[in-house]
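Report on the structure given below.
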Amino acid sequence: MRIGHGYDVHKLVSGRKLILGGVDIPYERGLLGHSDADVLLHAISDAILGAIGEGDIGKHFPDTDPAYKGADSIKLLMHVMGLARDRGYAIGNVDATIVAQRPKLAAHIPLMGENIAKALETEASRINVKATTTEELGFCGRGEGIAAYAVALLQRRHELSPETREVLETR
């Protein structure tokens with residue numbers, strides 16, 4: 001078993017879409033970044049990369065590379081999962097927290113979980129996403145940005161239950 005932790009933050013600005021967990025969230029501002037700036041998927045990607053000892057997303061998808069301009073972070077997460085899979089790992093579980101004063105995200109969390117589970121080739125029951133505010137404290141509380149934290153537990157594929165291995169083999 002291996003565990004990794006990830007964190008990401010992006011500034012909220014006008015003229016950008018707000019994408020979290022691969023979901024387009026209706027809001028008057030979006031996150032500024034080289035890619036689609038999906039802080040949730042970036043934090044999860046960093047957690048997985050940390051668990052396999054492969055650095056962070058900046059190493060794999062540098063913001064100086066035009067190939068990643070406007071990149072879909074679901075595709076980046078799928079690439080990261082491929083690196084873990086190539087090393088014999090599967091997702092044990094992912095637990096992630098989005099920190100945002102606004103907008104309210106509860107209604108979007110189920111779809112975020114589904115998107116993440118699909119990208120990570122696992123069951124939705126292994127993915128937990130939650131959202132919290134900072135009670136109007138700090139940059140998130142002032143609505144200047146959104147942050148996300150994630151922890152990923154990876155298991156060797158042979159350590160998974162026979163039922164889970166069967167599900168993964170059909171994907």
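A Cβ is built for glycine as well, from the same backbone N, Cα and C atoms used for every other residue.
Divalent metal cation is bound by D8, H10 in Swiss-Prot, and the record lists one more residue there from H34, H42, which is H42.
The Cβ of T134 (4-CDP-2-C-methyl-D-erythritol 2-phosphate binding site) lies under 8 Å from the Cβ of V99, Q101, C140, G141, each of these being in the same chain and 6 or more residues away along the sequence. With a cut-off of 8 Å between CB atoms and residues at least 6 apart in sequence, the same chain places L31, L32, G33, A37, V39, G145, I146 near H10 (divalent metal cation binding site), listed in sequence order. Put simply, H34 (4-CDP-2-C-methyl-D-erythritol 2-phosphate binding site) is 12 Å from H42 (divalent metal cation binding site) when counted between their Cα atoms.
Comparing P62 (4-CDP-2-C-methyl-D-erythritol 2-phosphate binding site) with T133 (site 'Transition state stabilizer'), their Cα atoms are 29 Å apart once rounded. In the three-state DSSP scheme, D8 (divalent metal cation binding site) falls into the strand class.
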